[in-house]
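Just below is one structure, and these are the notes that go with it.
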Amino acid sequence: MQVNPSEISELIKRRIENFDAAAEARNEGTVVSVGDGICRIHGLADVMFGEMLEFPDDTFGMALNLERDSVGAVLLGDYQHIKEGATVKCTGRILEVPVGDAMLGRVVDALGRPTDGKGPIKTEGSEPIEKVAPGVITREGVDQPVQTGLKAIDSMVPIGRGQRELIIGDRQTGKTAVAVDAIINQKDSGIKCIYVAVGQKNSTVANVVRKLEEHGAMDNTIVVNAGASESAAMQYIAPYAGCAMGEYFRDRGQDALIIYDDLTKQAWAYRQVSLLLRRPPGREAYPGDVFYLHSRLLERASRINAEEVERRTNGEVKGQTGSLTALPIIETQAGDVSAFVPTNVISITDGQIYLETDLFNSGVRPAVNAGLSVSRVGGSAQTKIIKKLGGGVRLALAQYRELAAFSQFASDLDETTRQQLERGKRTMELMKQGQYEPQSVGEMAFVLFAANEGYVDDVENDQVVRFEKALLDYLRAEHAELLQRITETGDYNDEIHAEMQKAMDAFKKNRTW
């Protein structure tokens, strides 16, 4: 074989011309120590706070401590393979999670990776988990209701779209049950739901998912699970990841509801991370910025006006407001709402639903304490008919609590006091509601109407629950059109009052309970 020198020189010339000698500047560092989900890195001079870091074998971390000669980072996911001396690279990005309609109906981890075995999720894009909350000018007032389907809440502590309403109580008082019922009631309302489970047992989360599937609510719900077996860093970022997924819907002129179950465990996870990073501890060993941890999260729940939606969608959506409603859950110890984290979150939110152990154990479920529960902005969002009828119920319960305490000491009570006590007892019974049994506005209105107008005064106390069930069965069979009309319009006037009275009189005449 003959080699032609001119061909070789031509080939070398072509190679030299095509050679790209551009230098690439990269910010790299070296692992100094690793353990307990925390990594200390030497180098990374230009790293930013909260920046995503790339470790070997597709492992990521987040820079949280920027010190003079090292960087403290939390590791997200498995870190057993990371050794001292390993190379760490800056990414120039902050942590992002996938968002979009494709996420609905799926169970994902804190980084948006599917964990339900249903294959990969094809989303339109991703959003950073940390965002600045909407400003005052871009917000709209809270004047549309979020119906939970629970009489005790919708009548006494109403929730509006864009509100933050805290659910607070000891362990085993039905906090998650209230939140799950609220999600189930949204299946036909068009409100998208996000359930963020922080530090829960995987079996508990699986049970919630199964219940949502059984009641047809999983199709418009995203479940973000950072279980008890996950690292503290994953539990810390999970609520922010869920919030970013909810903001996607809000910014497109839709309504979303997000449940954080629960923020106590997120605060514990953040405390653990902070102590491992050797940050100075404060009250109850929490770091100094634990208030900011929750305030920057909950301030992102809001209702934004139509101009802001139009700006965020580049003119695609016009004339529609968007909202993200938050129901954070806080677990108290022995009913102590004056502890550090509970007081922080109470001061951030627009009201709280206080669930009491004594009420729960005595069979009042949902165990809402009407005296300590309050909704600071929900009143203007409440449905007209429920607002009108619910006021009497709240008053009856308040008087009952006062008189019940007084009647323990007084032996002879006058007739008016006795009547108030009896009506209060029956109203308490009417406020009871089974789990996974949300009621429509029409059904709720009739139950409140029965309590207000004295239709249950002559019903035995132990028959009240049966009376309510029989009443609702009768109304669904005989007055379905009226129920539908009340649910759709929410109006309350003399005509509707007369129709409701007529239906109640006919039911009472039959005595079918």
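Numbers run from 1 along the shown chain.
Glycine is no exception: its Cβ is also placed from the backbone N, Cα and C atoms.
Annotation note: THR173 (ATP binding site) sits in a coil segment as assigned by DSSP. What Swiss-Prot lists as ATP binding site is GLY169, ASP170, ARG171, GLN172, THR173, GLY174, LYS175, THR176.
Positions annotated as site 'Required for activity' by Swiss-Prot: SER373. In sequence order, MET156, VAL157, GLY351, GLN352, ILE353, TYR354 are the residues of the chain that are 6 or more apart from SER373 (site 'Required for activity') and have a CB within less than 8 Å of its CB.
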*Environment of GLY169, ASP170, ARG171, GLN172, THR173, GLY174, LYS175, THR176, the listed ATP site - residues of the same chain whose CB lies within 8 A of the CB centroid*: GLU331, LEU355, THR357, PHE360
*Least surrounded among the binding-site residues, given as ARG171, LYS175, when other CB atoms within 10 Å are counted*: ARG171
*Number of other Cβ atoms within 10 Å of the Cβ of THR173 (ATP binding site) across all protein chains*: 26
*Across all chains shown, how many C-beta atoms besides its own are within 10 angstroms of the C-beta of ASP170 (ATP binding site)?*
17
_GLY174 (ATP binding site): tally of other CB atoms within 10 A of its CB_ = 19
*Site of maximum Cβ density within 10 Å, from binding-site residues GLN172, THR176*: THR176
_Within its own chain, what residues at least 6 apart in sequence put their Cβ under 8 Å from the Cβ of GLY169 (ATP binding site), listed in sequence order?_
LYS175, GLU331, THR332, TYR354, LEU355, GLU356, THR357, ALA367
